[in-house]
């Protein structure tokens, strides 16, 4: 497997030789994990195009893949696979998404069992450009703060809620607030469209800490008055998109991008709605749902 850092980018690497289909031994899996922990975003190229079943199996090597919980927008036979597209055929929307800008977020932050790794594969891309996916390093935001600022942020909790425009397609029994706590072992991977998490997350593999917020799904800091919450969140979220912390991925058909969901936020650039953009996505979650939230003093 060949891993090449993306020239001039603060994060991200291109990977050739990853085994996306077929068997994968423990050593090869650990090589991918190591590259992911180092570069946060991996662009896999030059591999055999996986079937839907193989795509799902590849994602499962990195943790449990929950169902999307969508009544429409997911693959009809594999609800775990989200179809992301701007297509409408015979008056029927294909998948979820559109050609507009999609704001900064990390997938499933509104669930008590949050995402660990994202997998997004390009099936069709706009031929005249646009539709890039942007990734911002939120570990770098935490590490840029003073010790006093870090200690303060460790004391806060944040409410996340699903606010993406397709809430009505979520199965009704999942539309509720669920928070880790007593009886956490009974929480199902797909539970919840609203939850409360600590503001600071910790990667259980590397120990790095990130500021776990987004513009799309973060409602407020529950420990602050609304105006104070908004002021602090706006200040922190101004980090998203800064060039020194952000990689903009221009898609090629067949690209499979794998990224650290705990330590980054991502967004989508707008593109010409007359052109086609079709992707498929799965997300792995942490086996230990409390893993990212172990209480620790700020470094």
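Glycine too: its Cβ is placed from the backbone N, Cα and C atoms.
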Joining 133, 277 at the 2-oxoglutarate site recorded in Swiss-Prot, out of 104, 251, is 251
Of 249, 266, the one that Swiss-Prot places in the same Fe cation site as 105, 107 is 266
All chains considered, the count of other Cβ atoms within 10 Å of the Cβ of residue 107 (Fe cation binding site) is 24
Cβ contacts within 10 Å for residue 105 (Fe cation binding site), all chains included, total 23
Span of 133, 251, 277 as binders of 2-oxoglutarate, largest Cα separation rounded to whole Å, comes out at 12
